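Feature annotations, reproduced from Swiss-Prot:
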type: TOPO_DOM; residues: 1-14; note: topological domain 'Mitochondrial intermembrane'
type: TRANSMEM; residues: 15-45; note: transmembrane segment
type: TRANSMEM; residues: 60-87; note: transmembrane segment
type: TOPO_DOM; residues: 88-227; note: topological domain 'Mitochondrial intermembrane'
type: BINDING; residues: His161, Cys196, Cys200, Met207; note: Cu cation A1 binding site
type: BINDING; residues: Cys196, Glu198, Cys200, His204; note: Cu cation A2 binding site
type: BINDING; residues: Glu198; note: Mg(2+) binding site
type: MOD_RES; residues: Tyr218; note: phosphotyrosine
Amino acid sequence: MAYPFQLGLQDATSPIMEELTNFHDHTLMIVFLISSLVLYIISLMLTTKLTHTSTMDAQEVETIWTILPAVILILIALPSLRILYMMDEINNPVLTVKTMGHQWYWSYEYTDYEDLCFDSYMIPTNDLKPGELRLLEVDNRVVLPMELPIRMLISSEDVLHSWAVPSLGLKTDAIPGRLNQATVTSNRPGLFYGQCSEICGSNHSFMPIVLEMVPLKYFENWSASMI
């Protein structure tokens, strides 16, 4: 999860988030190299006589500054398209969870089970226990099995919402009348926090998301106790 004064991304917990982190570093390095080159040329022009006021045509230079940006864009686009395809592809999910956004809470339905559904509200600050996180804890966590592909079907009952869990690389819009989907896969057990990431009204900041990823055996025991 995030912590105060954090500069980088949250620790990756899913394969998708690991890919996104690597792509971020890849793109950031390209931006850094381009910025360094531009600043170097500007400094040379300001401190030396590196100017050609009489040059009217330079075919070689024009060719270079046309081809080079195209190559750079390809180096960015190819890994981006690969990750986009990975995020969209869902192969044989073991579980499907339907998520509905409301003003201002989330409701969840495990479609593979009968009568396994609940609402998830933020716990008010006055009701928090020692060690719990303000504005991030909920009364009913979403319990899911780890290391298995899970499909989330996401929509909304009223206005636009966005279901986001940064450490899993998830951010999917919840749109009334439309069903979006996302893949959830966690490499390790634990609690993973998120929030609504679309301004949806006065209590927008009070719509936390808590995923509890557990081994399959514990998930089966939990689901049996909930039915």
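Cβ from N, Cα, C; glycine included.
Shown here: features listed in Swiss-Prot, placed on the structure.
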| residue | record | CB count, 10 Å |
| --- | --- | --- |
| His161 | Cu cation A1 binding site | 30 |
| Cys196 | Cu cation A1 binding site | 25 |
| Glu198 | Cu cation A2 binding site | 18 |
| Cys200 | Cu cation A1 binding site | 21 |
| His204 | Cu cation A2 binding site | 17 |
| Met207 | Cu cation A1 binding site | 27 |
| Tyr218 | phosphotyrosine | 15 |
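Remote same-chain residues near the topological domain 'Mitochondrial intermembrane' (1-14) are listed as 20-21, 24, 133, 136, 166-170, 184-188, 190-193, 213 (criterion: CB distance under 8 Å, separation of at least six residues from the stretch ends). Listed in chain order, the extra residues whose Cβ falls within 8 Å of the Cβ center of the Cu cation A1 site residues His161, Cys196, Cys200, Met207 are Gly101, Gln103, Trp104, Trp106, Ser162, Ala174, Gln195, Ser197, Glu198, Gly201, His204. Neighbours of the Cu cation A2 site: apart from Cys196, Glu198, Cys200, His204, residues of the same chain with C-beta atoms within 8 angstroms of the site's C-beta centroid are Gly101, Trp104, Val159, Leu160, His161, Ser162, Ser197, Ile199, Gly201, Met207.
Across the range of the topological domain 'Mitochondrial intermembrane' (88-227), the DSSP-based residue counts are 21 helix, 61 strand, 58 coil. Counting only the Cα atoms, the space from His204 (Cu cation A2 binding site) to Cys196 (Cu cation A1 binding site) is about 7 angstrom.
Rounded to a whole value, the Cα-Cα separation of Glu198 (Cu cation A2 binding site) and Met207 (Cu cation A1 binding site) is 10 Å. Cα spacing between Cys196 (Cu cation A1 binding site) and Tyr218 (phosphotyrosine): 28 Å, rounded to the nearest whole number.
Across the topological domain 'Mitochondrial intermembrane' (1-14), DSSP classifies residues as 0 helix, 0 strand, 14 coil.
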